[in-house]
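> For 38-57, 93-109, 157-175, 182-202, 217-239, 360-382, 388-407, 419-438, 458-477, the entry in TrEMBL reads transmembrane segment.
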Amino acid sequence: MAEVKPEEISHPPMEQLQGFEYCIDSNPPWGEAIILGFQHYILALGTAVMIPAVLVPMMGGDDGDRVRVVQTLLFVTGINTLLQSLFGTRLPTVIGGSYAFVIPIMAIIQDPSLSGIPDGHQRFLETMKAIQGALIVSSSIQIILGYSQLWGIFSRFFSPVGMTPVVALLGFGLFERGFPVVGRCVEIGLPMLILFVVFSQYLKNIQIKEIPILERFSLFICIALVWAYAQILTSGGAYKNSSEVTQNNCRTDRANLISSAPWIKIPYPLQWGAPTFNAGQSFGMVSAVLVSLVESTASYKAAARLASATPPPAHILSRGIGWQGIGILLDGLFGTGTGSTVSVENVGLLGSTRIGSRRVIQISAGFMIFFSMLGKFGALFASIPFTIFAAVYCVLFGLVAAVGLSFLQFTNMNSMRNLFIVGVSIFLGLSVPEYFFRYTMAAHRGPAHTKAGWFNDYINTIFSSPPTVGLMVAVFLDNTLEMKDAGKDRGMPWWLRFRAFKGDSRNEEFYSLPFNLNRFFPPA
């Protein structure tokens, strides 16, 4: 038997993923771009609807209040996405609502001064104003860390070995929003999962007028088919005798969004009234802002790879975090009911469609703003059962996690040091948040339960985030364990040249500000 050559059993590292027809600064034809942008808008609806659906009833709000919060969240998501793609990192990322803020928001909802208000609508308004005040104050953390370049300076401690677990946990850590939710309505979720995989992968080479129609538009086609199928089941009385839980997860008419939505409603700042400020609530919200900071950093790394761009330099990363802080400030001013972070599912869709174009994301932002003002039409799309989104998440979150693992190609994975760091970081990044989740479900409170509410929010929020736990463990181990002569094993020879804006000539092409604004704000 002939001897196998080393080059036949290994693959050389590649800075950019292959097979992407359109990268960050190249644009598909306008017709394709509009449909692709609409796909990103549809995908963003999952989080935009789910967070208010959970929080607004607990705040005392009715269906009308919930619809207005969904509209406001979508409107601000569109604005933040445009700002980030124009003046922030300029990566093709959607800046949407974040689950990281749920724990400190729940603490505000349960505050005795608010929960004791007898009138439901008044309690909703007062709680919303308290959340707004906490978001406005805490947004200053990201604004300061971003525009002062402090976060860029801290990123000097990052390496491919250290960032692999963080980006991987960005996807793996969201497993609770995948098949466990699909299982709540298998007859809808499972067909969606199977169809999406078959269309986007096995039938991706089917072309119409030289356009791989199923690869690029599989999300839109599959959602339309399964949504129609779910409507048939609902209209046919398939769930007439089912439990309340099954009906809530399977029926297409349970959201009550369309009937409650106004025809036209434009969200505006301070629409719920003047925000109220409480030091303890604001300190607690800072923990969610820090988690959002870490998760967004990992998302920017993944989005850059899926957009065939270079890793964002430290200056660009800081600039993006600064604009994200402004985004959280806008969340507080408009009253979205939660803070902002990069939408992981939309990052995954870049890889699924193999289209990393910035213009597509900007078009999706236009759809968000437009449909958030036309209440009835936006509510129609927002009534898609969340089980359908969960099926898509199973694919897209896994794809983002795999992008994180792809950073290992630049490291020496025959090094026991690297194996230890990656393995322990990923395991603890999954295990610690799972402990906090199970403890909370059993005890109806987090493991941290002291008299200092803001401290409880800090501990329970930070250690409930897989990427944040992964970052703390991985960066600490990577910068303290056998550091001498480990630079090459860590992947630093490849990583270092992307740290500075002028370290790679492609950075100017990918990250320069529009309208020649670099003359006034030159990158470091």
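Along the chain as shown, the residues are counted starting at 1.
Every residue gets a Cβ built from N, Cα and C, even glycine.
Unlike curated entries, TrEMBL annotations are predicted automatically.
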> In the same chain, which residue numbers or ranges, 6 or more beyond the ends of the transmembrane segment (360-382), come under 8 angstroms Cβ to Cβ?
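Hits for the transmembrane segment (360-382): 22, 27-28, 33-34, 36-42, 44-45, 48-49, 67, 70-72, 74-75, 77-79, 81-82, 85-86, 92-94, 255, 257-258, 260-267, 346.
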> Could you check whether the transmembrane segment (458-477) and the transmembrane segment (38-57) come into contact, where contact means at least 3 Cβ pairs under 8 Å with the two residues of each pair 6 or more apart in sequence?
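Contact criterion not met.
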> Have the transmembrane segment (38-57) and the transmembrane segment (419-438) got at least three CB pairs under 8 Å, pairs 6 or more apart in sequence?
no
